[in-house]
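Asks: Once you've had a glance at the structure underneath, I'll fire off some questions.
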Amino acid sequence: MSASACVAGQDKNRADIQALRGLAVLLVVVYHARLGAPASGFLGVDIFFVISGFLITGLVKAGIEQGTFTFRDFYFRRAKRLLPAAYVTFLITILCAPFILGTSELRDLTAQVAGALSFSANIVLWQQSGYFEGAAELKPLLHVWSLSLEEQYYFLLPATLVLIPRHLWLRATILIAIASLGLCLALIQWKPIATFYLLPTRAWELAIGSLGAFLIAQPQVRTVAGRLFWPSLVLLISLPFVAVGGRHPGLPALLICIATVVVILDGRLARNTSKPLRSLARIGDLSYSLYLVHWPIFAFMNNAWVGETAGELPLELGLAAMAASFPIAWLLHRLVEEPMRRARIAFSWSHLRQVAIVSLALAILPLGLVRAFASEVPSGTFRETQFGLAPGCELSHFQVRPACMTSTDPEVLVWGDSFAMHVIAALRSGAQASLLQVTRSACGPLAGIAPVERNSRKGYDAAWARTCIDFNDAVLEYLKTASTIRTVVLSSPFRGYLDGELFDVLVKSDSLYVQTHPDPDLALKHLAGTIAQIRTLGLKVIIIAPPPSSGFNVGACLERLQEEKLILGAPQDCIIDEKDYRERRSRVLAFLNRIENEGNVSVIRFDALLCDGTKCRTTLEGTPLYRDSAHLSDPGSALLGTRLALFDQVERLAR
């Protein structure tokens, strides 16, 4: 999309390319508004990639063939046309952030700005995209990942075309496209987040556009494109409105990229003067500015909205964010982007120094704002991630790590998912606590069964579920030879095993795996079976239930309340309504009651201390108890452990 803002020449007046840009940015903006349609509006970014690859390759190709191409002029023109609008957007976002973002998100913004300025935002966001990281919807500069990925392609493209003979350009581009697509398809199931964000697995989309630039002059190619035009146009318009399953980028992205390049190669829409096309083309003129400004607006609203659909704004807020984006984009386009595009400014070292100074100032500014605003919040770290004993205790495969023990001869094994991690601080409050932590995010302590999240953004699909089952099998094998362990503590919210609206479950029977619908009886069978296996080893078992929760992000609400920031979608005091809690978590509460009675196992609950029959407190002695919608904060967990004498209860009640 960045190339579309800066390419001049024979393509700048093509109405079809302008209209495609308009279509792409509308798909993205409306998708982010969560209006229900287009269900796959994220495919607009794939359209942008193809357009950018086509335009920038044509520009570099023409410059080399005419003998006028220089790296200095190429990158200076790009900087002149792209950086002013981007830097203004970054500056306004940074200045608004302290008044809208909580301390946690404000700290996170520092890395986003650094990534945006260094054209590595996609790498930064890849590194920030873990189970415990802040939701993508809260990151004001999330969208810059695609611009950074494009710029990385443009750093490599000119050098590639300069270094290899011209008669090999087409073959080299085909090889790059095939290699990148092959890598994408090979890794998408195993490394979905890296595949989404990183250039090696996304370069094929830009390379398809580059292929279009090399092939457009060949009559036979134009003939084939003409035959495929109407199916491609229908696909281009309709596919984003279909809820495509699976991980992205996959087959839908490939189809949309091919359709885009076919429409560009055919070129008949360039001669079309219909009103719909002209309207799309006018939006295409604003596409770069609109893409820049729309997401910070959505992200700021997402931060203020801590309600049940956190990350997905209610209809009225989504419409408001979308409506605000257009006039702001128009102002940015008219006052910054267009004047700088038309300005007659030649390269000079003084201009380069000015860009460097502005970049450095933008990079430093968030650090100063974090110090100025976060320093006023004494408990501003309560929302930090809880891994338990150490970050390395969030395991991808089973192993016993020294950092995950409180003694060399641990007597209590804590087994479960992130809810087992967050009770570690509570258990450590016991003076004699001798713990071993074996935990894996989203993987509950049930042998032979694992949750499969439908349309998972973080990779919790059937392939992941197999690794969860393997992890739990390995824990049971370890217990057979763990001579010092006397008690096993299990903890999980168990939601993925009970909620048929969002999850399936993968069940292992002998060596076969079957994906089926969640069922309380099935979950109870596997949990009871797990407990029975533990007891056959002569060990005691106890379950720690999840704390009360509701339909809002309690931790974010408490942080915003403490910092006097706008709170939308939650009680202004951030206290949980007990009736609402019991209604929302009725499946889990009923499940825990059944396992307690039918499995003859004790369940330790936080409800007696936190709930009074009407409300459930979310702070205790001035300490925020939650870090997000359901997980305890580190100080909150430690305080509850002391008040409940949790480790002593485990020792006394386990059986």
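Positions of Cβ are set from backbone N, Cα and C atoms, glycine also.
Unlike curated records, TrEMBL annotations are generated automatically.
For reference, TrEMBL lists these features for the protein:
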| type | residues | note |
| --- | --- | --- |
| DOMAIN | 15-333 | domain 'Acyltransferase 3' |
| DOMAIN | 400-644 | domain 'SGNH' |
| TRANSMEM | 19-37 | transmembrane segment |
| TRANSMEM | 43-64 | transmembrane segment |
| TRANSMEM | 85-103 | transmembrane segment |
| TRANSMEM | 109-126 | transmembrane segment |
| TRANSMEM | 168-190 | transmembrane segment |
| TRANSMEM | 196-216 | transmembrane segment |
| TRANSMEM | 228-244 | transmembrane segment |
| TRANSMEM | 250-267 | transmembrane segment |
| TRANSMEM | 288-305 | transmembrane segment |
| TRANSMEM | 317-335 | transmembrane segment |
| TRANSMEM | 355-374 | transmembrane segment |
Asks: Any chance the transmembrane segment (43-64) and the transmembrane segment (85-103) are in contact, meaning at least three CB pairs closer than 8 A with a sequence separation of 6+?
Replies: no
Asks: Between the transmembrane segment (196-216) and the transmembrane segment (109-126), do 3 or more CB pairs sit under 8 angstroms, pairs being 6 or more residues apart?
Replies: yes
Asks: State the residues, same chain only, that lie 6 or more residues beyond the ends of the transmembrane segment (317-335) and have a CB under 8 A from a CB inside it; answer 'none' if no residue qualifies.
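Replies: Residues packing against the transmembrane segment (317-335) from afar: 29-30, 32-35, 85, 88-89, 285-286, 288-290, 292-294, 297-298, 301, 305, 568.
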Asks: With an 8 Å cut-off on Cβ pairs and a sequence gap of 6 or more, do the transmembrane segment (85-103) and the transmembrane segment (355-374) reach 3 or more such pairs?
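Replies: They do touch: at least three Cβ pairs between the two stretches lie under 8 Å.
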Asks: Six or more residues out from either end of the transmembrane segment (288-305), which same-chain residues have a Cβ under 8 Å from its Cβ atoms?
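Replies: Non-local partners: 1-2, 4-5, 25, 28-29, 32-33, 48, 82, 85-86, 89, 92-93, 96, 100-102, 105, 135, 137-143, 311, 313-314, 317-318, 320-322, 324-326, 328-330, 332-333, 336-337, 556, 560, 565-569.
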Asks: Could you give the residue numbers and ranges of same-chain residues that sit at least 6 residues beyond the transmembrane segment (168-190) on either side and whose C-beta is under 8 angstroms from one of its C-beta atoms?
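Replies: Tertiary neighbours of the transmembrane segment (168-190) are 57, 61, 160-161, 200-204, 207-208, 210-211, 214-215, 247, 249-250, 254, 461, 463.
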Asks: Where does the mean pLDDT land for the domain 'SGNH' (400-644)?
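Replies: That region's mean pLDDT is 95.
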